[in-house]
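Asker: Sharing the feature lines straight out of TrEMBL:
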- 20-42: transmembrane segment (TRANSMEM)
- 26-510: domain 'Major facilitator superfamily (MFS) profile' (DOMAIN)
- 102-121: transmembrane segment (TRANSMEM)
- 165-192: transmembrane segment (TRANSMEM)
- 215-234: transmembrane segment (TRANSMEM)
- 351-369: transmembrane segment (TRANSMEM)
- 375-394: transmembrane segment (TRANSMEM)
- 406-425: transmembrane segment (TRANSMEM)
- 445-466: transmembrane segment (TRANSMEM)
- 487-505: transmembrane segment (TRANSMEM)
- 512-545: region 'Disordered' (REGION)
- 516-527: compositional bias 'Acidic residues' (COMPBIAS)
- 534-545: compositional bias 'Polar residues' (COMPBIAS)
Amino acid sequence: MAGGGDQLGVLTALDAAKTQWYHFTAIVIAGMGFFTDAYDLFSIANVTKLLGRIYYTHEGAPKPGTLPPNVSCAVNGVALCGTLAGQLFFGWLGDKLGRKKVYGVTLALMVVSSLASGLSFGKSAKGVISTLCFFRFWLGFGIGGDYPLSATIMSEYANKKTRGAFIAAVFAMQGFGILVGGIVSLIVSTAFDHAYKAPPYNVDPKASLVPEADYVWRIILMFGAVPAALTYYWRMKMPETARYTALVARNAKQAAQDMSKVLQVEIVAEQEKVDAMAVKDNNSFGLFTREFARRHGLHLLGTTTTWFLLDIAYYSSNLFQKDIYTSIGWLPPAAKMNAIHEVYRVARAQTLIALCGTVPGYWFTVAFIDYLGRFFIQLMGFFFMTVFMFALAIPYHHWTQKEHRIGFLVMYSLTFFFANFGPNATTFVVPAEIFPARLRSTCHGISSAAGKAGAIVGAFGFLYASQSKDPSKRDAGYPAGIGMKDTLILLAVCNCLGMFFTLLVPESKGKSLEELSGENEEDEEAAEITTSEQHQTASSRTVPV
């Protein structure tokens, strides 16, 4: 056991605990934020086309209206900016006040903003879009808080043997969010399409948009609040994590009591051990100190850069799925559909990709992360994403021809599969494991905020970059970009860089959190001896395949 007699009994008990029911309830409770996050991010893609038709169609135009570039950026991007701010703020707050205190606030914020974003006011385009953006910012802010808190709570609750799988399972709730987002959009749009029959736009522009279509996007957005609201009660009943209570708040008695209830075993409070750990140098340095830079500087560089690079590729291809479908002819031109039927078609395409590529990828990570290790999965994921992006980009013209479309979709699904059975999951897991408890939530917040910065670059950069050089193929109001082919090449390069930065991130498989963060090392020399011993045992151990 890490640190021998020095490790607190309550933490040892958690590390060695068998997988129990409370682990699974914790996954669902912690995962609900990600469910809402994914639901919202992916349903907005369905909704933007409809908003363009309702509020931006000009009479007599040959094609139905689309959101102008700046509006489209605002609607997609404001939630991402909110998330970035929320990750930094709540990450810091989670270390200051405790994980649990802050945890209910983020959920309440998500539920309220989710409902409010469907109630955006006014009849004018400006009124609706600006109130929608306002509430989406706060929705993002709540979702952002959920990243560091959920990861930290799960990693501090889990045992060391299956910790990776549990943290990854929390993140994998995103997959369900995407699916439910697609399914809700399908059900709502089908119901309205049948209730209010409308001709395609090119037959009768005015009649193709029924007034009731305005309810469709509101219902889709507001439904995201329901699952989150359901878990609020359980979230409030979860005790504070023992690692926070013992190592940060330094209350051994409370930690022992809380975990005795959770694990249903008798745990002795060891206040003097907690006090002894508090005195050590390696448990007192702050984030902006030379000591932190020496011990964890490269780790933090590794977790931030890999997450940044991954999200550039991941978000840009996700938000613009619908454009890719149109460009390969999966969706008919907008003029050939009525408004509500278009929502149905976009949602159907997204749900199929999610079922085939996205969702299985998450669960592959959950299944294999504690066998293959974080490092291997992340390198492999980046490698295959690079390969598939190049394979899509270089013969791009070949893929646009009708007979090769299925091949294009298979490759595109595989890119997503390896993002999720790869860096998308591991970049979330690792920062929750390798930093000391008193900085854990802050460092995870910093890492995930770097990721969101990448998402913002990906989402906006891609929006402009992927516009065709040929004016007839561009969306209305956009300047000429570098075209889809060059954009895909750029994304492949980002993934390739991700492989190099992965080398900075340590492997955290099968070790206790205190061992990884060095929180109960005796002193420098003893620490060095134990690490050299670990290296010897690590090199003599074979990796199961």
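Even glycines carry a Cβ here, placed using N, Cα and C.
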Asker: Compute the average pLDDT of the predicted model within the domain 'Major facilitator superfamily (MFS) profile' (26-510).
Answerer: 85
Asker: Determine whether the transmembrane segment (375-394) and the transmembrane segment (487-505) share at least three Cβ pairs under 8 Å, counting only pairs 6 or more apart in sequence.
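Answerer: The answer is yes, given that the two segments have at least 3 Cβ pairs within the 8 Å cut-off.
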Asker: With the transmembrane segment (215-234) as the reference, find which of 102-121, 406-425, 445-466 contributes the most Cβ pairs under 8 Å.
Answerer: 102-121
Asker: Would you kindly check 20-42, 102-121, 406-425 and say which stretch has the most C-beta pairs under 8 angstroms to the transmembrane segment (165-192)?
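Answerer: By the under-8 Å Cβ criterion, the transmembrane segment (165-192) pairs most with 20-42.
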